[in-house]
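Student: Copying in the features that TrEMBL gives for the protein in this structure:
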- 5-21: transmembrane segment (TRANSMEM)
- 23-288: domain 'NADH:quinone oxidoreductase/Mrp antiporter transmembrane' (DOMAIN)
- 56-75: transmembrane segment (TRANSMEM)
- 95-115: transmembrane segment (TRANSMEM)
- 152-171: transmembrane segment (TRANSMEM)
- 178-196: transmembrane segment (TRANSMEM)
- 202-222: transmembrane segment (TRANSMEM)
- 242-261: transmembrane segment (TRANSMEM)
- 281-304: transmembrane segment (TRANSMEM)
- 290-343: domain 'NADH dehydrogenase subunit 2 C-terminal' (DOMAIN)
- 325-345: transmembrane segment (TRANSMEM)
């Protein structure tokens, strides 16, 4: 793709995200969401592969439907209450429609079907944007309307998302699809706590975005898309592969790594809110996704390919690892000891 065009699309993405997260009026928030959708479409379909075109079409249709629902929800609220302010979403029907729209935008169960397919059809860098930056505006809208959302509905969506995200990722061999189901599972953790402690959702999102960015950038560096090629990629940059192992375990939420912090805080908050059964259930369901993270980690560093396969060993590259990846991997693994400081900042 033309670098100037690429720059325009990236700037449009930043603009759309900024407009949505800084707006008070529903129409401005909707405008930002639309700019975002239109800016990411060329980045998804830039390879001109039929699967990329299909991914862009699926993404456009679901996001257009979700944006229409956001507009419908805000208009219904304005009709009944006379308020266009995002924080004044008080009508129950409006909040129900908005929850459905945001669930569709984020890829929460039962509106999750588009996300793995779109991620599979996109390049790794675009997949990184879809998994992290494109989730920020909808989560911000949930954050601003959290006081008027339906707790039962969100808890149900969250538990279903964690269950299906873990369950459907078990049988995948394509790494992008595994990361898509991982994203759905993490969104479940964010959705269950947003009503009781919205700040925890933001902490969870920031840490999830950081760890996912690390994994996508690492995979992009070693040029790996499937589990079978991941097994032979350890010879390229062994140190980076070792850090990828730790980042995957961090994303799974194992102590003493960074990813344990949001899970620990969310379980603690749910217990305080007398939701111990929900906390137990969501913790048990996260064991499903732990299995496929362990599978990825196993393929990354612990297996050597059997001698009977036709896989060639990769040449070790001497090019230095990107400084961004170095910083992100370190943060993805070592932030747990400074968690009190993170909590005071947020």
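Positions of Cβ are set from backbone N, Cα and C atoms, glycine also.
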Student: State the mean pLDDT for the domain 'NADH dehydrogenase subunit 2 C-terminal' (290-343).
Tutor: 81
Student: Counting Cβ pairs under 8 Å that sit 6 or more residues apart, are there three or more between the transmembrane segment (281-304) and the transmembrane segment (56-75)?
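Tutor: Touching, no - the transmembrane segment (281-304) and the transmembrane segment (56-75) miss the threshold of 3 or more Cβ pairs under 8 Å.
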Student: Same chain only, please: residues at least 6 beyond the ends of the transmembrane segment (202-222) with a C-beta under 8 Å from a C-beta of the stretch. Say none if there are none.
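Tutor: Distal contacts: 124-125, 127-128, 131-133, 135-136, 139, 143, 175, 179, 182-183, 186, 189-190, 193, 233, 236-237, 240-241, 243-244, 247-248, 250-251, 258-259, 261-262, 265-266, 321-322, 324-325, 328-329, 331-332, 335, 342-343, 346.
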Student: With a Cβ cut-off under 8 Å, give me the same-chain residues at least six positions beyond the ends of the transmembrane segment (95-115) that come close to it.
Tutor: 33, 58-59, 61-63, 65-67, 69-70, 72-74, 76, 89, 130, 135, 138-139, 141-142, 145, 148-150, 153-154, 157-158, 160-161, 163-165, 180, 183-184, 187-188, 191
